[in-house]
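The structure appears right after this line, and notes come after that.
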Amino acid sequence: MTYIVQGFALIILAQTVQQLSELWNASIAGTTAVVSAIGIGKLIAYPILGELSDHVDRKKLLMMAMFMYLIFFSILPLTKNIFFAVVITTLAGLVNAALDSVAYPTLLEMNHGKSSGNVLIKAMISLDEGILPIILVMLINQHIWFGWLFWVATAILVVNLIIMTSINAAGFYTIRTSKGGKRSTNKGTWHWNITKILFMIYGFSAMWVMIHFTQWVTRYFHIVQSFSTVSSHVLMSFYSIGSLMGVGTLFLLTNRGWISEKILLMVTAIGTIVGLVIVVLSQETISASFGCFIFGFSAARGALQLGLSQLIASDPKFSGRLTGLYFFFGSIAFFVMPIVTGHFAAQHLQGVMLSLL
């Protein structure tokens, strides 16, 4: 349930850029810069929280994250000062890092190194990516305030906090406990190698492509290809349907061990390129929807989670640290991408989409 809200946070800003621009009296470029503040929060938090998750009670980290998300979702739609919005959005980045630092290592340990548990995280996020654009279109058509989207997430968080208080904290500990009940410490030696470096680059690239796509695909087809508001927003739903189906497929394959996760990584990369080519060349709703579906099935079906699982498998003693560093590099992309693309989008929106290739 926590990652349903996480999905809201990741997609809601990109889908409400126009409404937020009007709220803050800012340009599209200025608003996308606010979105990039999530990346600032992640950049600050991932190295610290990734390390902490190897040494402290994960439940406390998770509860802290949910309280900060309450602040973000309840206050942001009421914020009319763009500088204060940057502060609040940075807070969301901190929360994002805390959730990832807790969830990914825990699920990998629970599933004995398999990616299937982490792939379900993507399923929760994809669920939001599919539902939220449809809800937003309904609100726009009914002339209902877009801020209700944020407050729905707030209500979900309150319910989740109540549930979390009843869960035993022992299940969240990263550090293994000995038979005597005391926590042991990592005695391995950390060192960089080519595998770690390559996966850091992969984390950066995968995050850039996914955020770039979700940030601009709706606006690109509405402005450049003259799609209607409904049609352009529905494209994100096709992306999310593909993502959900891809997640289901990936969960089955990783859980059963039918195909090597290394091979799956290569397959997702090829599928991503094919989907992007179709989207960029599309001028009709049907072909654009199909391209978004293929892209969602490939790029968003847990590619990041697959990469992380392979990275942690190379040095499982430092699962928290590796998680933090992996998503730290992804956060660099999350921070830089909106600034770079937002600068060019006002005059060269078509070029912004072509740059995905």
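We count from 1, first residue shown onward.
Every residue, even glycine, has its Cβ placed from backbone N, Cα and C.
According to TrEMBL, the protein has these features:
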DOMAIN    1-357  domain 'Major facilitator superfamily (MFS) profile'
TRANSMEM  29-49  transmembrane segment
TRANSMEM  61-78  transmembrane segment
TRANSMEM  84-107  transmembrane segment
TRANSMEM  119-140  transmembrane segment
TRANSMEM  146-173  transmembrane segment
TRANSMEM  194-214  transmembrane segment
TRANSMEM  234-254  transmembrane segment
TRANSMEM  263-282  transmembrane segment
TRANSMEM  288-313  transmembrane segment
TRANSMEM  325-346  transmembrane segment
Segment proximity, the transmembrane segment (288-313) to the transmembrane segment (234-254), 3 or more C-beta pairs under 8 Å: yes
Long-range CB partners for the transmembrane segment (84-107) (under 8 A, at least six residues beyond its ends), listed in sequence order, are 2-3, 6, 9-10, 13, 20, 24, 33-35, 37-46, 49-50, 52-54, 58, 61-62, 64-66, 68-69, 71-72, 75-76, 117-118, 120-121, 171-172, 174, 305, 308, 312, 319-320, 323-324, 327, 331, 334
In the same chain, who gets a Cβ under 8 Å from the transmembrane segment (263-282) while lying at least 6 residues past its ends? 209, 213, 217, 225, 250, 253-254, 288, 290-299, 301, 303, 306-307, 310, 353-354, 356-357
